[in-house]
Amino acid sequence: GKLEKSYFEVMGLCCQSEVALVEGLLKPLDGVKDISVVVPTKTLIVLHDVLATPPSLIVEVLNKARLQANIRPRGESNYTNKWPGKWDIGCGVLLMLSFLKYVYYPMGWLAIGAVVIGLPNIVGRSIASIKNLTLNVNVIVLLSVAGTLSLQDFTDAGIIVFLYNIAQWLESRASHKAMSVMSSLTSMTPLKATLAETGEQVDVASVSLGTIVAVKAGEVIPIDGVVVDGKCEVDEKTLTGESFPVTKEISSTVWAGTINLNGYVSVRTTKLAEDCLVARMVDLVEEAQGRKARIQTFIDNCAKWYIPVVVLISAGVAVIPILLNIGERTRWYHLALVVLVSACPCALIISTPVTMFCALSKAATTGLLFKGGDYLELLAKVKTVAFDKTGTITRGEFIVTSFQSVQETFTMEKLLFCVSSIESKSSHPMAASIVNYASLKSIKPLPEKVEEFTNYPGEGIYGKIEGEDIYIGNYRIGLRAGCKEVSHKMESKASGFIYIGATLVGTFSLSDECRVGAKEAIEELKRTGVRTVMLTGDNQVAAQQIQNQLNQAIDMVYVGLLPEDKAKIIEELKKDGVVAMVGDGINDALALATADIGISMGISGSALAMETGHVILMSNDIKKIPEAIQVSKRASRKIIENVIISFSTKGFVLALAIAGYSMLLAAVLTDVGTCLLVIFNSMLLLKETSEPRNTIILPNKLACGKTCKGEVKCGKSVSNESEASGKTAQSSKGCCKVKCEKSVNKEVGVSENVGTCKAAKSSKGCCEAKNRKSVNKEVGVSESVGGCKATATRSSKGCCEGKSSKVEKPEQKRADCCGPLEGSVEKVGRNGGCCDRVSGCCAERKPLIGGNNISVVIA
């Protein structure tokens, strides 16, 4: 039959020790293939044949064992335990009335009624556990109640039952609070969608693939799809953690749960409601619980033997002294009960899974998806982070800087037509740049004319057009084309080569730029002691250009690599410790799989990225890499704290009992309190922020000209996407107020070194400040202002105006490895603007691994 995943809420789950009970009940059922229990959220995920074993049968089997199960719609919660159950309340009322025995003695018998009302669930689960040849915490509680009743201490027996049941309810409330972090994502998705053609509102669940839905300004996008009409800005923070609105145009992908801030768009659906990205995110977080951290596996294995050993020790404390006629019998019985209750392992068993779930949930809300707790644990120990270059460190948006034919018999127009037609069938970012370049030259590619298209990873592509065998790629493609005069020295002349047969007919050069924040992310990794490595199939010139943009921040750079070469280097790096590989999830599958941790980024949750990486970054923000490491380290610290809390509190009560202060009530309260303390300590992860210190956010929705609420001290950095100390610099189209700061103008997009300025204002390139150097992106010029105050710098058809200012046009060129003079200042063109760079000396180049095509640049 057809296998499907069904989701259940099992409110009777207490801790990890009851997982064996659930598995023992369900595995004998026909059609059940896989069982995953998420204890922190009391969720059960079953892969089963729905015809052989319907979900209703699974619920029936679980409820026979008093586990309070119900079917849960995918991605939603049926949580109803906002208040204790009526039997728990009744148990508490009778217990309170029993304390009137000190006024009227017969009232004390009501404690027996409290035990009778509150015990059925405990008895049912204990019987089911024993039938499955397992011992869980319910058995310990039942033995404790039986022992207390045998001592005729009915009030203490009632207290044990009542506190245990209330603890179950409190733990479910706390777990629901943690789960609500992920539920908030699914709750963002509207229940209705508006059909673009008729304007009719329909249920999202009934929308089929390919339906055109309308989304107005201020509305939440109801379902994943592609924009087919209109333009808008979308707030994607709930999915990707992106702080600023993202522009969506025709052919742009949009996701359910994100907000249309302005504009009107028509969206063609590409997913059903239950398969949307937001639902997949929630599923991944829950399924990640199935991959346990090593410490959790160790604790769970110990727990299998822990409870039987505790029962035996408690029995020994009760029986052996009596057989040896040592001391008073009642005292040893009482001490045995204290040992039994105090040694209850609930707090220890939940210390790791609750922490992991909170960490995974927190990471997911910031655009980080871990596929398992083991990867979260492993990332905290990472020693080396290896980056792919194209599309990871760089934007992957290439610009053709040169394209030429080297054969007179082959015109550039014909060559560009053939190359662009073949490249239009490729998905590589370089291909798109060549196709765009051809369009600018009024040459229309015809991919339908291309035959036998073939992709050669690490080399290039091949296609036959108009009877010609054309090879396009790096210098290695010449060997495949049959050219015998091929050398890696050719890379210094061009980025790509074009062969017809074995004859070189053309060359082209491409340029790329680093992502915003790449330098800061790599420097942050280095500050935390993590070595950084760049792996690229490009030549050394292209790699060095990126190193120059990063101010030589990367520790090691490997160039000229094939996919298998990257995997070999990862294997070498693993000898020095845990290695994480960061790639786009498409061209780095082998390296991602070889690394201890594969991190797929920049594809905003594509299906391939979700399958390839162990950790998935939902946005292109490379600064998420150090953030992910910090999340994993905080989770590791919380686990250690929880284990210490569990052992210290239990040890303290046992020490008191051995010293003669055997208070059963204190033991019960300590057990309940420790469980709750562990849960709430783990939940602190949900409140912690990972924003770097000494940074502030520059919002982009405030009216220009407003003064800032506060100033920050000299020497701290100002970031568009960070916040610290509660100080906020207000910005609208670049308006800010700081004192002796390095500020970042979002609209202008470049750094401004501000001296003792009163204000730095910008509106579409208009700047005003005192004693500073400003960069005007729209005009594309650098303005140097001396010790006087500039009156204005206005953007109007390239005109600038200022007092005592010097205007320079930037050189539209790239920085070489070495400048003409050491320490010289170069003006390097960038997106129509300019930036200053101090060029250093050439980096030393040494081979690291055998092979002429593998080299390293050590900065």
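One is the number of the first residue shown, and numbering goes on along the chain from there.
Positions of Cβ are set from backbone N, Cα and C atoms, glycine also.
Keep in mind it's a predicted model, so treat the numbers as computed, not measured.
Positions annotated as domain 'HMA' by TrEMBL: 4-70.
Within the same chain, residues 12, 66, 68, 87-88, 90-92, 94-95, 138, 141-142, 145, 149, 154-155, 157-158, 161-162, 164-165 sit at least 6 positions outside the transmembrane segment (102-123) and bring their C-beta atoms closer than 8 Å to a C-beta of that stretch. As annotated by TrEMBL, transmembrane segment applies to 102-123 (among others).
Here TrEMBL flags 305-326 (among others) as transmembrane segment.
For the transmembrane segment (332-360), the list of distant contacts is 14-17, 38-41, 137, 140-141, 143-144, 147-148, 150-151, 160, 171, 175, 178, 181, 285, 288-289, 292-293, 295-296, 299-300, 303, 306-307, 310-311, 313-315, 317-318, 321-322, 326, 370, 373, 376, 631-632, 634-635, 638-639, 642-643, 645-647, 649-650, 653-654, 657-658, 662-664, 667-668, 670-671, 674-675, 677-679, 682-683, 685-686: same-chain residues at least six beyond its ends, Cβ to Cβ under 8 Å. Sequence annotations record features per position, and here TrEMBL assigns transmembrane segment to 332-360 (among others).
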The answer for the transmembrane segment (305-326), taking Cβ pairs under 8 Å and residues 6+ beyond its ends, is 17, 135-137, 139-140, 143, 147, 332-333, 335-337, 339-340, 343-345
In the domain 'HMA' (4-70), how many residues does DSSP assign to helix, to strand and to coil?
24 helix, 23 strand, 20 coil
